[in-house]
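Below is one structure, written out as structure tokens; comments come after it.
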């Protein structure tokens, strides 16, 4: 590891730094808190036992998430390099880990910016009243008017999402032409990212002050507004009610571990990149605990907002169901039908009938009322889990359409999504650019050129996602381009620190940085618990992929409903290529290093022979044992103590001092004896 020292010191000579600690914390929080906290975590709670899933999540966060997050923070801050430089510094054979991180970051950036483009499209359509997804479009004929069948069979928000926004095809095999609206929005999204990243952290950090804080303001506003809605408390009760039996389900553990993994942004290299701009003695252990805590509390806050809104939506749907059934009963009554099972409440005024009253009547007479009269269950509506784009662009838009001043709430919501996406996107781009700039020593105009070129390439490849079948490719990349490669990357990161470099040596280096030694429990967490957890997650993900088979959800225009389809052969090959391309740099880097070492053994021998003529012996200079030397030698020792050493080097408080020629000869005689 000694040869890497000069590289690190040279690279760090004019390295940028954060203007303040708050700027750094906002950047880390902005990267780790993303769209997954808003639309993935609430769905997992919803599907996996509510409060019981939260307890499981906190447990895995403490024993796996925080230790790995702390490890990445410490490595980046100590070596002050991007992901390529960090693992290359530990061992040249591990350089491929950093390149794999860059590859995964690029894959994620490709489709993540498409989601930002969707948010821009919806935000642009929010500046009108009524909102365009509030009602179904109507076709006017000469003698009559007719609602669009696809919209009438689904809902206005569903129709707007699939037909107006995406204009989606029936399957991934029908590519369709480019969606001009989404192509323009994608260009705007990449332009925003390019302008924010063009001057490195100096420019992106200023944007972070707004993009990281604004989503919290919006979430609190939505929470306060949501608590005033009818059905809010039912939603919160559903969220926190624990179902402890889910702890025996292996798939629930897999989902919780995966969410911990992605929530903290492990393996991307962005955590390492951001921490590399910190002062060497920054308390990265406190940062790890603080950012992890903020991340979890944000997930809980977002879940409260989501369940409040879903509770209101479910109650509205159930009340509409009651009104519809009472209307059918009124029609039956108007035809002179008089049955002994008529409801005891007022059928002519649906607003006066509660869901509980209707369900009590229905439970007594359901066998007599016929198939047209149905049950209206709020719990059944709540059980219909909504995640991802379905939550943001269908469920939430449906609720906001019934709010007073709906354009205001819609604009606020999509501006929040835009900022959540951008703050994560900035971190993802840092995971690509920082390692490449550090590794190839780029500066000035070359850095700017690399940033602009990367964004331009991202836009061109991103056109894949703006065709009519683009949403299916977004799903493919989201499900398969990052999960397995990132787990593999983190496994090798943990092996590098815990087994190749050594946990004791790593803790020694952290002690020098923090000026206190972290608890010894980290040693065993890194060596055994985290490593075994990551290997288990990798095995579970592979087994699920093999036995369940990759599938995706498609929208069928004729039936106006979603259906699950299997990927065609070429799409399966594409999935395999995504995983292989992202994981391949790890073995390639190892093989390249081995071949390089074999090609230069003779060169090393010649260099060593030439260096023997000028070889100097070193002796330790400690605080308890001083050498008898002249003033110049003592000054040399003091200068060596004052020089900032490259981190992750196995040197504690002991330093080394060059002996004089006379002492060197005496040392040689002692050695011979």
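Backbone N, Cα and C atoms are what each Cβ position is placed from, and that goes for glycine too.
Here is what TrEMBL says about this protein:
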type	residues	note
BINDING	30, 33, 37, 295, 420	Na(+) binding site
TRANSMEM	52-75	transmembrane segment
TRANSMEM	96-121	transmembrane segment
TRANSMEM	213-236	transmembrane segment
TRANSMEM	256-277	transmembrane segment
TRANSMEM	289-310	transmembrane segment
TRANSMEM	408-427	transmembrane segment
TRANSMEM	448-466	transmembrane segment
TRANSMEM	486-503	transmembrane segment
TRANSMEM	524-547	transmembrane segment
TRANSMEM	567-591	transmembrane segment
REGION	654-673	region 'Disordered'
COMPBIAS	662-673	compositional bias 'Acidic residues'
Cβ neighbour count (within 10 Å, all chains shown) around residue 30 (Na(+) binding site): 28
Spatial neighbours of residue 37 (Na(+) binding site) that are distant in sequence (at least 6 apart) but have CB under 8 A: 263, 295, 298, 299, 302, 420
Result, the transmembrane segment (52-75) in contact with the transmembrane segment (256-277) (3+ CB pairs under 8 Å): yes
Range from 96-121, 289-310, 408-427, 524-547, 567-591 with most C-beta pairs under 8 A to the transmembrane segment (486-503): 524-547
Residue 295 (Na(+) binding site), number of other Cβ atoms within 10 Å: 24
Remote residues contacting the transmembrane segment (52-75) - C-beta distance under 8 A, at least 6 residues beyond either end: 44-45, 86, 242-244, 246-247, 252-253, 256-257, 259-261, 263-264, 266, 271-272, 275, 284-285, 287-289, 291-292, 296, 300, 490, 493-494, 497, 506, 509-510, 513, 518, 522, 525-526, 529-530, 533-534, 648
Cβ neighbour count (within 10 Å, all chains shown) around residue 420 (Na(+) binding site): 29
Listed in sequence order, residues with CB under 8 A of residue 33 (Na(+) binding site) and six or more positions away: 212, 215, 294, 295, 298, 420, 423, 424
Chain-mates of 30, 33, 37, 295, 420 with C-beta within 8 Å of site centroid, Na(+): 29, 31, 32, 34, 212, 215, 298, 423, 424
